[in-house]
Amino acid sequence: MQAKDSNPPDGGYGWVVVMSAFMVMGLTVAVLKTFGLFFAEIQQHFDELASTTSWITSITIAVFHLGAPVASSLCVQYTHRTVVITGGLLAFSGMALGFFGLNMVWMYATTGFLQGLGISFSWTPAISIVSHYFSKKRALANAIASAGECAFAFMFGPFFQWLISHYGWKGALLIIGGIQLNICVCGVLMRPPASSCLLEASHCETETPPGNGASRRGKEDKSPIMHKTFNWMLVRRPEFVLYAIFGILAAMSFFVPPLFLVPLSYSLGIDESWTATLLCILAMVDFGGRLLCGWYANLHVTKTIHLLAMTITLISTSLMLLPLANNYLSLAIFTGFYGFFFGTTVAIHITVLADVVGMPEFDSALGLFMLIRSTGGFVGPPLAGLIVDMAGDYRAGFYMAGATLILSTGFLILLDRLQQRKKRGSNIRTEPEKSTLPYPSLHTLQHQ
């Protein structure tokens, strides 16, 4: 019984948690993705420069990443459910207070800081608890949960535009904030799995009845996952460091294509109406890529780290080919390839992180990974913009993104080789112990 209880359920109520996470992804990251629809409205209202107005989104993204370790630490000390509910309240507060629109600093503090903190406190524990509920089906579960971002982004574009046209940008913010209160409902559904001891240690110790050493064995079996403090020492583990470097380089690339896709299409003389369809294509194929890759990873035909290396290689190839497009059709095809392989990568990169550090340290690792990866997200777009300015061509940004992704694949290969070397070393150490088992004792020979 103990062995059974110590394993994730891999289904059952876990699918309720997955659908709750699906909703949270849509009500957080999808809102952030489509917030650009408010950009012109807010800029005109306050009569500010574009660079001044853009700080609202920049603050949101920064706080989203920087708040991840705090959210992970709170998950370790309390429960994922508590942190998600708190995140929902913060997200609502950011939008509801933004409704007053006093001045630009007020917008920085509300729809910037509070919204970013709400997204961080909702997204981080939601994606984390899914991994606690699944082991064999973890890749599929994470893929389904992350697909909420694409599904909601596809719907929110026209919906937010309709809200702004009917209620103004202030009224739209208030309504969106009310919709984000549903994050709290999703948080209530995210109860801790009975097998992972996400509650207090004393509760876990009382689960195994005393007698015949069962209580002692229960404590020994479950002690590895009874961490009540955030583990900052993960930065000393070579495996985590290699994966974090991969995350930095990947983030440097991932934020570049959406930034320059529209300007590139304009430079090719493509009409604005057709350019808008490129973003729809990107969202649809991203959604399909996540689900398909999650399903394939669930078959366990290929190691997840090998699958990730392949998807990253395919993304870099599509980014290198995309600048060769010279009309709408070719640009749409290459955009579709990029979006699909991007979706496959997002579907499994969190699963690979869980495989690298193990579930006992996953909550801490997720927060640290998000924090470290944020540096790539901050550096990538300005660096690509500098290269574009120097080259005088938007194509240069895509070449930079593709080359950076190729470089990131090297760190995945190094990580895989390090894991294989440690596995071989562990097998060698256990062989002498096993070799003594087949030899019969002298007492057994005498009785034969």
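One is the number of the first residue shown, and numbering goes on along the chain from there.
Yeah, the Cβs are placed from backbone N, Cα and C, and that goes for glycine too.
Database features, via TrEMBL:
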TRANSMEM  12-35  transmembrane segment
DOMAIN    14-420  domain 'Major facilitator superfamily (MFS) profile'
TRANSMEM  55-76  transmembrane segment
TRANSMEM  83-106  transmembrane segment
TRANSMEM  112-133  transmembrane segment
TRANSMEM  140-160  transmembrane segment
TRANSMEM  172-190  transmembrane segment
TRANSMEM  240-262  transmembrane segment
TRANSMEM  274-293  transmembrane segment
TRANSMEM  305-325  transmembrane segment
TRANSMEM  331-353  transmembrane segment
TRANSMEM  365-384  transmembrane segment
TRANSMEM  396-415  transmembrane segment
REGION    424-448  region 'Disordered'
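Note on the transmembrane segment (240-262): residues 234, 275, 278-279, 282, 312, 315-316, 319, 322, 335, 338, 342, 345, 349, 352-353, 356-357, 365, 368-369, 372-377, 379-381, 383-385, 388, 394, 397-398, 400-402, 404-405, 407-408, 411-412, 414-415, 418 of its chain, located 6 or more positions outside it, place their CB under 8 angstroms from a CB of the stretch. Mean pLDDT for the domain 'Major facilitator superfamily (MFS) profile' (14-420) in the predicted structure: 85. Here the transmembrane segment (274-293) has long-range neighbours at 139, 143-144, 146-147, 150-151, 153-154, 157, 258, 261-262, 265-266, 307, 311, 328, 331-332, 335-336, 338-348, meaning same-chain residues at least 6 beyond its ends whose C-beta is under 8 angstroms from one of its own.
Simply put, out of 12-35, 112-133, 305-325, 12-35 has the most Cβ pairs sitting under 8 Å from the transmembrane segment (172-190). The highest tally of CB pairs under 8 A with the transmembrane segment (55-76), across 12-35, 112-133, 305-325, 331-353, is held by 112-133. The stretches the transmembrane segment (396-415) and the transmembrane segment (305-325) meet in space: the count of Cβ pairs below 8 angstroms, excluding pairs fewer than 6 apart in sequence, reaches at least three.
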